[in-house]
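Student: One structure coming up, written as structure tokens, with questions to follow.
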Amino acid sequence: MSQLQEKIKALAKAQSADIIAHRRHLHSNPELSFEEFKTAKYVAAELTAIGLSPQEGIAGTGVVALIEGRNPESRVVGLRADMDALPILEANDVPYKSTVPGVMHACGHDVHTSSLLGTARILNQLKEEFEGTIKLVFQPAEEKAPGGASLMIREGVLENPRPTSMVGQHVAPNIPVGKIGFREGMYMASTDELYLTVKGKGGHAAAPHQLVDPVLMASHIIVALQQIISRNRNPANPAVLSFGRFIADGVTNVIPNEVTIQGTWRCMDEEWREDGLKRMKKMAENIAEAMGGSCEFEILKGYPFLKNHPELTRRVRTAATGYVGAENVIDLDLWMAGEDFAFYSQVVDSCFYRLGTRNEARGIISGVHTPTFDIDEDALEISTGLMSWLAISELNV
Ligand SMILES: [Zn+2]
Ligand SMILES: [Zn+2]
């Protein structure tokens, strides 16, 4: 083990109680997407306290700070944490339970934020020992379109200085604490929302010949759109189309005028994403038209797919192996959920990895976005030190 790595481990250990306190403070005081006002103040105050000069108010509540080592222009590594919570009523009975009814850090963004504060402290103490610059990015609204990442990029977070690479982490309640997960290449899906209104002519169900039945049209559309996945998609290319809402508000003997359908479209290829959307729209509109009605097909564009830059991910994984041991580094499966870190990954070499937070023996097993989600806080000492080590390793490439 290198001397520097030992130093990092000692620093992470020494401050672990502080980082747990940060995490608990944030967990007790969650704020929804784009409303992270107190959280941003808290982050900026902590960064100022350790001697940095944070820039606030990027994309509303985003905070950015730089840690400059020797020869600061040589390389720039961006480290990102998201800060927003979810509209969920916490069901955990813990001392740090949410004090805001109906709002909860149920996706671990309190962990990402407190962890990056810890990493900032470690890296700032070691800045004489590395070359280059660390760019700390605390972003709003990972959970809500258009995503804090896209807005921060639009406001220039990837310029002055431009990161050579971006690194982010996410808690993983399915991975035991102590383990870290990586995947090269495509990892998480693009997410687009689909809103269809199928219009016909309603009336008495006993006289369908006088009507244009939107229920039947909408049913045909659902079946036909699924066939785009099976017939037009390259089978090697993962994609999901799911409809969770189908409202035909008639009764047994009344056919309604219209049917609304809502769904989600997810894939891992930006070209196919657009192509699939075009095909779906055309097919839905044409089916409705052929059956005598019409279909309004609206698309709410979400996040792109998340790709982990292969060489960068390999380097980061090797560094992580050196820090936590080969037995604690695992491969991740594809995951069809969305994540706005994907915006960075589309324009800068990026690596997004998973931090194990599960502890079955202690009953910490609930998934993210559930009212009983929690983490094993031992993960914090690992994550603060690990991210510091990964960042320095990446600067020293
Ligand atoms: Zn989430
Ligand atoms: Zn999340």
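In case you wondered, yes, glycine gets a Cβ from its N, Cα and C as well.
Summarising the annotation, TrEMBL assigns Mn(2+) binding site to C107, H109, E143, H170, H369. What TrEMBL records for 195-289 is domain 'Peptidase M20 dimerisation'.
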Student: Please list, in sequence order, every residue of the chain apart from C107, H109, E143, H170, H369 whose Cβ lies within 8 Å of the Cβ centroid of the Mn(2+) site.
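Tutor: In sequence order, the nearby non-listed residues are D82, D84, L86, H105, A106, G108, E142, V368.
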Student: Need the DSSP three-state call for E143 (Mn(2+) binding site) to compare against my parser.
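Tutor: The three-state answer is coil.
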Student: Do you know the DSSP helix, strand and coil residue counts for the domain 'Peptidase M20 dimerisation' (195-289)?
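Tutor: For the domain 'Peptidase M20 dimerisation' (195-289), the helix, strand and coil counts are 41 helix, 32 strand, 22 coil.
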Student: I'd like to verify something. Among the binding-site residues C107, E143, H369, which ones have a C-beta closer than 6 angstroms to some atom of ligand 2?
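Tutor: Among the binding-site residues listed, those whose Cβ sits under 6 Å from ligand 2 are C107.
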Student: Work through the binding-site residues one by one (H109, H369) and point out the residue whose CB has the fewest other CB atoms within 10 angstroms.
Tutor: H369
Student: What average pLDDT does the predicted model assign to the domain 'Peptidase M20 dimerisation' (195-289)?
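Tutor: Across the residues of the domain 'Peptidase M20 dimerisation' (195-289) the model's pLDDT averages 97 on the 0 to 100 scale.
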